[in-house]
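Here the structure is laid out as structure tokens; the discussion comes afterwards.
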Amino acid sequence: MGGSASSQLDEGKCAYIRGKTEASIKNFSPYYSRQYSVAFCNHVRSEVEQQRDLTSQFLKTKPPLEPGTVLYEAELSQFAEDIRKWKDRYIVIKNDFAVESYESKEAYQRGAVPKSRILPAGGKVLTSEEEYSLLSDKHFPDPTASSEKNSQPFVLLPKAFPVYLWQPYLRHGYFCFHEAAEQQKFSALLNDCIRHLNHDYMKQTTFEAQAFLEAVQFFRQEKGHYGSWEMTTGDEVQVLSKLVMEELLPTLQTDLLPKLKGKKNDRKRAWFGLLEEAYNLVQHQVSEGLNALKEECRALTKDLEGTIRSDMDQIVTSKNFLTGKIRAMVAQPAEQCCGESVQPFLASILEELMGPVSSGFSEVRALFEKEVDELSQSFHATQDSAQLKEGLQQLMKLPLDSVKMEPCYTKVTLLPERLLDLQSRFRFPHVDLVVQRTQNYMQELMENAVFTFEQLLSPYLQGEASRIPVAIEKVKLRVLKQYDYDSSTIRKKIFQEALIQITLPTVQKALASTCKPELQKYEQFIFADHTNMIHVENVYEEILYEILLDETLKVITEAAILKKHNLFEDNMALPSESVSSLTDLKTAMGSNQASPARRVSAILPGAPDNELPSNEVFQEPEEKKEQPGVPGSLAISASSCPSGGDGQVSVDHSAGGPLTVENTAGPLSSHLSEVEAGGTLKDEEPTCQSPEPSAVPGSLKELKKLLTVTVSVESAPVVENDIHNGTPVPQENIKEEESKIHPEASHPAAIQQDSCEEREVREKEAQPLEAEAPGVDLGILPEGRGSTSQSTSGGLTENTSCPGPIEEPFEAQEPAEKVLPAIVSTEDSPQAGGEAEHSVTVTPQEDATLSSNPICPMESNEVAQASGDQEVLGGEDSSALGMDTEQVNDTHEHACQWLVEDTLSTDILAVHDFDVSSPEQPSEEW
């Protein structure tokens, strides 16, 4: 420190500074003690009620860096203020964001104490002498130097590319570089350090941090200062020290500035040195006083904890009652103030906020996609797995690459220009704080994106090299979808915080003279034992916040409904928790974690080329639900099958809903409701269950010989494949099969008898049959009178061209009944009028298990995307009747016949030939 400054800050001034600091801490203590008790009570309440943060997030949260991680190290020129000379120093910046200066690299490596250590909280980075001179003159209120011009710069530069670090109440830092690239890298990293040091403390969720910030707010309100404060940066010692310096500064300027002698640069240097010495004195005393104050508060809350926990219900009830009383007094003037001074401007402020903020997040997305594409192209050219892993490690460092991230941050720096009117209308000059918070969120989201990408891709790096580029592309698309949702969530949070931060001071100041004086009379509603945990000022502020929050959420929700800047609505069918399960990349064989739609698409001959089989990494079980243009896959659940008698099966193709089947054959409907109540059926397959009739004791054997399902559709004749034998079925066989079917109506007596026998069999828990019909195609031929139509909601209407693959419902945890497997063969028979009767013969087998994966080929633009988590069909609402039903009359006593008429029109009807065994699960690699 220079001699001039040392001579001015004598012992008398030091004593004065200590006295003012002690008085400030004493005045601040009651505010901090009150807020400490309130925050501790809220903390205990949250712990007791087990409150959770319901903020939804898709991307995995990147773990914090290990302490001591080096972000930057290089040798450069630094101006040594003590000797006023430029020296070559070895600069190291770790993830505590302190700038450490060492004599040399060897000194750093052997663990020497740094020559200087700078925490640049509240600082500003400049790269030109002109910018620095303007800023430093602004904070040097010297009346005698108003007309004086500097003949030389404040610091002579040894190199062409300087970096100036301006700091409030501290001496400034000066660095110099040979090349512009080095200057850009260092200045960008310094900006990162400043952003984190400014806001990382305020992001803490500890009740002590919340208590301190609330205490600072109430302390400043008592002096007539509302809203944010540009000095609320750094940790609690730095913030409180700046609060004291704010009171000291006028006195120091009056007493010391006139005594400074010399040229302007000399006086300026002396003034900055004087401020630094005063600030160090204040900071030391504040640190001691704040630690003592914390110990007192901790002792107080330790005594209160028992009361808080035992009286929690009473405390909550008392606070709610007090809130109602104060709200009745505040609501009318607060709403009037909002309606006149805030609400008319919220939409325009939001519009100005959305542009730069959304542009910044879009730039982050584009940067991530660009880096991943370069990684993929590099591997495609070299096929070098080692180089790919190295590139992946570099990708993980992308959020810390200040040079690459700087163009993203620059997009948001346009915000102060867009919000110039706020300074006059709402007196909000601190838009820079909003910019810095937004930039921190952008960096955090990039960290989550690259971390999620690395987690999802890592399992595939050991696989075949030819599949890695496809895996990279799939994982990239998956992460980008997650990024879009998380970006929308974070941006809405930024908008909400900014709108309240900008407009709340206006409401607070408007009501301060009318409502605040009335608060004292409401203290009578607080029990004496609870006066430490409930304060009327806090309740009053919460009410104002909630009123304003409602107004801000209205305009944000409206913007989301209008899809402005790709904002998503809050009521979308998305998970409320982070998709952390994506680390479980391996799906066990037979597991139901994988989407049924994905398993179907893995064996679809007509599936799109880009739909490669995969595990959970490529599935979108939740996001698909939010896409209105993607129809859900249809699934059919056969609940029961009558053994003789009239049976009616209805198939519902209502728009946007699942395909349900309901048997309405008299007493058998009770059996249907049983299965529906039980959820999904065993092995995710449609099951045909038939009770054992008493008319023929050997009915099970008879059913093994023949169990027929008849599907009546309007179509032209098509060639079907025998699923069991894997060979086409000639027309002669179709006619023979038709001869086995008796379309005549059965007698009512037989129905009644079968119903009685069915109840007897259920009571004995007889083992029914299970018919698993693979490859049964419910797509139909086009009708001459109908045309393809598809509902805008993404579901399929009654005349949809193709219902898409009929999807297997998920396996029930507790199947209602155990069933025997069966082998099913399908046949078509032409009928008059252009109808084709599609029959399915189900032959029970002991060891055969068949899957039901009907396939419907469609045009590429008509392929219905399968949703990830499908509802169990037929088990939700037994009243969902099919839209097209037809009676099935059968005189055969032991045949189970379904007649399903589907009037959906398609170009062709095709049944693909599959193995009898269950569909092969995707490999662990895919």
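Backbone N, Cα and C define each Cβ position, glycine as well.
When the residues S33, S116, S601, S905 are compared with Swiss-Prot, the one annotated as phosphoserine is S601. When the residues S581, S839, S879 are compared with Swiss-Prot, the one annotated as phosphoserine is S581. Swiss-Prot gives the label phosphoserine to one of S595, S829, S918, namely S595. When S104, S358, S578 are compared in Swiss-Prot, the phosphoserine annotation sits on S578.
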